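What follows is a single structure, written as structure tokens, with notes after it.
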Amino acid sequence: MYIDAICEYKDLKSKLASLSRKSTNPSKLEEGNLSSEDFNLDEFLHCISNESARIGHTKKHIGVIWRDITVKGIAAEAHTISTVASLPIAIFKMMKLLIKKQDVPQKVILHNNTGFCKDGQMLLVLGRPGAGCTTLLKIISNMRGSYTSIDGDVSYGGIDPATFATHYHGQVCYNEEEDQHYPTLTAKQTLQFALRTKTPGSRLPDETRRDFVNRVLYMLGNMLGLTKQMDTMVGNAFVRGLSGGERKRLSIAEQMTTSSSINCWDCSTRGLDAASALDFVRSLRIMTDVLHKTTVATLYQASNSIFNLFDNIILLDEGYCLYFGPVEQAKPYFEQMGFFCPARKSTPDFLTGICNPLEREIQPGYENRVPQFAHEFQKIYMDSHIYKSMMVDLDEYESKFRADNQADVFKQAMDEEHQKRAPTTSPFIASFYQQVRALLIRQYHLVIKDKSALFSRYATIILQSLVTSSCFYNLPLNGTGAFTRCGAIFFAVMFNAFVCQSELVQFLMGRPVLKKHKQYALYRPSAFYIAQVIIDIPYALVQVFLYTVCSYFMSGFNLTAGKFFTFCIILFFINMTMNGFFRIFGAITSNFFLATQLSSLTLVGFIAYLGFTIPYSKMHPWLYWIYWANPLTYGYKALLVNEMNGQKYSCDGPGNAVPFGLGYTDWDYKICTMLGGVPGENFVKGESYLLKALDYKPWEAWAPDFIAVVGFFILFTVACALSMEYLDSDNGGNTTKFYLPGKAPKHRNDQEENERRKRLAKITEEMDSISTGTTFSWQNVNYTVPVKGGNLQLLTGINGIVKPGHLTALMGSSGAGKTTLLDVLARRKTAGVVEGEVFLNGEALMNDFERITGYCEQMDVHQPAVTVREALRFSAYLRQDESVPKAEKDAYVEKIIQLLEMEDISDAQIGMVEEGVGISIEERKRLTIGMELVGKPQLLFLDEPTSGLDAQSCFNIIRFIRKLADAGWPVLCTIHQPSAILFSHFDHLLLLVRGGKTAYYGEIGPDARTMIDYFQSNGGPVCPPEANPAEYILEVVGAGTAGKASRDWSEVWAGSEKSKELDAELADINRTANKKPARKAHTYATSFWTQFKLVVNRSFLTYWRSPDYNVGRFLNLSMSSLTCGFTYWKLGTSSSDIQNKLFALFSTFIMAMTLVILAQPKFMNERLFFRREHASRYYSWIPWGISTVLVEIPYVLVYSAAIVFCFYWTTGMSNSTESGGYFYVMITLLIIWAVTLGFIIAAVSELPTVAAVLNPLVVAMLILFCGLLQPPSYMPTFWRKWMYWLDPFHYYIEGLTVNELEYLTVVCAEEDLLRFSPPPGRTCGQYMANYFSFGGPGYISNPDAAQPEQCGYCNYKSGVEYYTLIYGWSASNKWRNVGIIACYVAFNVIVFLGLVYWNRRGRR
């Protein structure tokens, strides 16, 4: 048997050599036009290996053994679904833990597992989902973070796991199911980057780094069929790029670039067609043999051809080892035990079927002798001769690598592999410099490729700077101009800080790729951050220069070259410092909400303690440390000193001096109202103002202020680099399930497990047979998309028909257009041009088509907050007819749950894989199918429903779909790697080749003879009787990474009789079809009220289960309010206090604006789920849009109350009931307005990065034109006439100001009084009488004083005088402003609903 396997392997190896081609167009391969030059992987690798050995390179290879491994994780009952109420409950539990420590429930994932994989060998790990396959691969990969307990020993050639993790962790790599890449890089750039970081120091003679990179690129491109895709962008759900299969091959290629000694592949053939999967494993076999790699893989739906390439196999079930031994002995072992393997059933399917009582077949006479449960299988195996033989082999191998000093040899090989300046004790091959260099190249490509983000960023900067400078146009050199000059510089600092917040979004979006590369040991995370900082420099310089050039001169700032360039340099370092500030929160937190909340809270504190809104002398001692710890403080001080130092501000003109007017011309008895003035002088020196008004020392501009900004930049850079290097918030890649309280599945004993199996066996027989008689046809379907330089045709003249009872398989190689065709037929495409005739039951498609059809898409997109059962019921309630009773819908949902074996997860929260929470990838696929089945569609489209599932799950699903088809439901289903048994369930086939062309459509026939005869009769190769027909046809048409076709099968099909028969049938349908049907079609199955009720209820449920969002916002606003409240603690009635009250009220706007940012990612996530559900016509866009706003209101009311309690009373605002109530109403309206504004910006933006760029522009414009930083009377007429009146913040701040100051009498403190001498012989009251008689503001504190005593003048005598004189506001507008803000809220809601409708369908 073993000899046969070796012979088969050699035959496969020669096949690969003859099939692999260099630089051949894939479409030409399928047309039969081949290049004459062969790419032989075996010879290629042997040549490299032999040359390497000839020049004395030490071979790098190492095996792995593990003994008695028992792995435990947190049990299901340890986690319940978090809600808004979870925080107080968690605090209570923590208090209980302080009294008595409680044990966390644990679950055993692997039971006493022992095994090994020698270097040069391949080990296959088989098992159903949940068997422990992934856990075993992660233990081998030394990824232990997500487990609570790991007992037993693992040895890597004699090296313990701790040492291996420290010095060699990139030498064991784990390839996960999900593909994580930067979407805007090309495939070539992705691989080039990885190769640059893994270029060894010891290379072939005269081989440069570039030669090495090109050589490996050539090998990988040919080996994995990526040669023609090298210059294609990788893409993702939002960016068009590689197909799903091509992206999977890129992930495989990227891991191969690491040149790791031990490779673990977790379902890495998921998404590949059968031919590509076989080519991939063949390549692994050759690399394992030639380079002595250690290869461990877990594969679902492996064919016999793939299975026979492995040396050993481990079969797991429920964490128990059912078999570990040679692949050729596995099948006989279980047959001797009493199990039966039917003909044409592949060995891997037979072995995984052993784990399922419903699938396993028992030989007659063995019914009561075979084991039933996993622990019984393990006991029998451990008593077997195979187990004893494998343990002897393990001991011998362990003795051998110890005797051969494999660890020392491996260390020597690693030392040689390290580059010249790379420390040999480090796991990183490249030196730190080379890592940074490679990262710089990648970061450049990332930035330059994202042209939309780059353009929008610079356009925002230019627009904002022009608007700002026009608002502060040509500031006068007088007292009023001094204040607005401070405001203009404050705004410049604040805007540049807000712009930097967009870096947080970019930083967090790149985290999954960073996590993968960290595991591959491509580079140090600190090198990644250093490269990011370096690449920031030119872009930040351009950004700052654009802002400065556009705003500096128009604003009338100090027009000297030195001052201008100083302004640029300081603003540049402020920008770089704030980039680092925001990224730190991305490095130390686990998700966007937490990072944004913490950074926003800190930013509010920074702005409050900048020194503009409240001078240092007015700060309270308990929080003034923020002033010194604030980088913006030093930047603002340096900019303001740079501007004002050396300037003189005139005090001439009304309002610039006291007293002014007729009879007050002698400056010996006047003083400037601008702080810092000296009696007798008609000007104020800038440095005097800085000292007196702001406590700024002009001589500290460069040192310490500028040096402090640079110091903070360095501090944040080092802190962020170290945080990324040493902090790890990753959960190890596992998903943690959260259950409803008391609903976690309990461990079943043998009797309970038997009962469950019986229920599952009966369920398919009880399914209702609903014959709908639906016929679906399509003729001459073409699909073209616009690309750079023209159009690209993805589908060409596709014809087909699916009749009642038809189960049609849609097959083809990766990139042939299978998913594209399904998208077109299901009417999901929103981009490009679709042509052709499509009919349902002989009539043109109507607006109920999406409702009565089910489409299981390849992407498993589900609302993460709800449980599996809740999601299925939601689908059933909305998609089944409204007349069906609720109890009947619930019963049907329970049947689907049992059919898809989801009982154990039915009350588990769906969660999100990216966050490590919720059900697994495989479970999501089952849920996707269930979501469509519970709707009872009349026509079913399924896109790779078995991808990522084990053989038994595939069998259950396909068998059920077959039952639906037999009941009369037409089904069109793409399928990648069907076994012969699965393929036999299909009755028709639509086969596509690259270019979106038809190679075959028609019946498959018994034993696939009809289909096989067609290809054989047209010159195709003979199909052996034991071959899998699905694999045969893919090989015939040249699918796979190195496939070839003897003929152009699309041309063969076009000229065939079958094609003509199909054309005639479709022409007949077209001729008799009703192309303008008059029947009444219902877009949705339920009424508007039912939709509204269900959608609103679910929205409230999802918000209740989103504590990170809602509790986070509550804590953010509460802490910000407390910070501002204690900053402006118990403000009095002096002139400086009423100005501080105004700035305190201004801070509430900044707090509310953080909700704009926080609302956007929440909305964008919810929009993904809405688009999928709306595309299937669950509900209209109106109920969802309204519920999105409604669900916010209860939380907003609580947030407003928190601000009142934490801010309003602490700042000493008015205690009257009316004033407090007015504040609550106004802040509530503002928060609702801010949240809906966030929704609007998010609804306009398709990507978070675009929204992040728009945010600072919108917020800055609102602040700029509200009249606070630049009073309306000083605002340019152009803006004052319309923008000031259009700004909602104007009405908000005016309303709150008059509400607070309307009845306030100003009593100036001593330090707020302006001092000047009255003329000799006159009292202060007599001297100022004429001034006050003409309406002069303020009052004299000592009217009876005369020389030599000075007069004490207070600027204002009441709050009304203050806001009327400065801002022109009126108390009569108080309630009007409430109405206007309410109108703005209503306007936002209407605009938002309009945008929901406009953007209800994503671009695809």
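Placement of Cβ uses the backbone N, Cα and C atoms for every residue, glycine included.
Heads up, TrEMBL stuff is auto-annotated, nobody curated it.
According to TrEMBL, the features are:
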DOMAIN    92-343  domain 'ABC transporter'
DOMAIN    776-1019  domain 'ABC transporter'
TRANSMEM  487-509  transmembrane segment
TRANSMEM  529-552  transmembrane segment
TRANSMEM  592-612  transmembrane segment
TRANSMEM  706-727  transmembrane segment
TRANSMEM  1142-1160  transmembrane segment
TRANSMEM  1181-1210  transmembrane segment
TRANSMEM  1222-1244  transmembrane segment
TRANSMEM  1251-1270  transmembrane segment
TRANSMEM  1378-1398  transmembrane segment
Same-chain residues at least 6 beyond the ends of the transmembrane segment (1378-1398) whose Cβ lies under 8 Å from its Cβ atoms: 1181-1182, 1184-1186, 1188-1189, 1222, 1225-1226, 1229-1230, 1232-1233, 1236-1237, 1239-1240, 1243-1244, 1288, 1291-1292, 1295
Residues of the parent chain within Cβ reach of the transmembrane segment (1181-1210), under 8 Å, 6 or more residues beyond its termini: 1088, 1091-1092, 1095-1096, 1099-1100, 1103, 1110, 1113-1114, 1117-1118, 1121-1122, 1124-1126, 1128-1130, 1144, 1148, 1151, 1163, 1166, 1170, 1174, 1220, 1223-1224, 1227-1228, 1231-1232, 1235-1236, 1239, 1389, 1392-1393, 1396-1397, 1400
In contact by Cβ distance (the transmembrane segment (1251-1270), the transmembrane segment (487-509); 3 or more pairs under 8 Å): yes
The transmembrane segment (706-727) and the transmembrane segment (1251-1270) contact flag, 3+ Cβ pairs under 8 angstroms: no
Reported mean pLDDT - the domain 'ABC transporter' (776-1019): 86
Chain residues outside the transmembrane segment (529-552) and at least six past its termini with a C-beta under 8 angstroms from it: 435-436, 439-440, 442-444, 447, 454, 457-458, 461-462, 464-466, 468-469, 472, 488, 492, 495-496, 499, 564, 567-568, 571-572, 575-576, 579-580, 583, 587, 717, 720-721, 724
